[in-house]
């Protein structure tokens, strides 16, 4: 799954973009400042960044320059500043595209995909781990000639775990990514979804299993 870093000091914009990226099967990592974004990148790989210009501390121009020079990842500027001089400075800083606010989120996603294609970054809808193939477009699991369609949340949860084998995810991390920041339900819903996924994987005879890490969360293991 494509990993997209979104940096903006407006939490509403962060949540808005993240929710739409999620529906497009793009994993969003949101940060409120340039400094926080760089701290995240010390431990998390991303494929592309969407960043604001006007932020406290490190501004978008500085952040863009650092992302290009130190991490060599594509950047899209998303900003209310529409002066030609700002656009010139942004492209000098290394941005690959420039989108002004207010913006259409669908257009932003089109531009993200276009930049990814330019960099030959894979945003295909399928991934295979062990003997299991996951198809995001159809929410399907396949092992040999057996195919199973999952409910949306179950598929998103399994796909998130499968993209990072052996990485432990807490319930809080899972809820934030799959159900969103404003989810107010019981966190035990994660356990219910995990139980169902285990049953489905067993029925398919998948080599992938979901393991419980006591006191921490869940991870996937591939038994080949």
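Glycine is treated like the rest: Cβ placed from N, Cα and C.
Bear in mind that the values here come from a model prediction, so they are computed numbers and not experimental data.
Residues annotated as domain 'Response regulatory' in Swiss-Prot: 3-116.
In the three-state DSSP scheme, residue 52 (4-aspartylphosphate) is classed as coil. The 4-aspartylphosphate annotation in Swiss-Prot covers 52.
Here Swiss-Prot flags 124-222 as DNA-binding region.
Long-range Cβ neighbours of residue 52 (4-aspartylphosphate) (same chain, at least 6 residues apart, Cβ-Cβ under 8 Å): 7, 8, 9, 10, 13, 60, 77, 78, 79.
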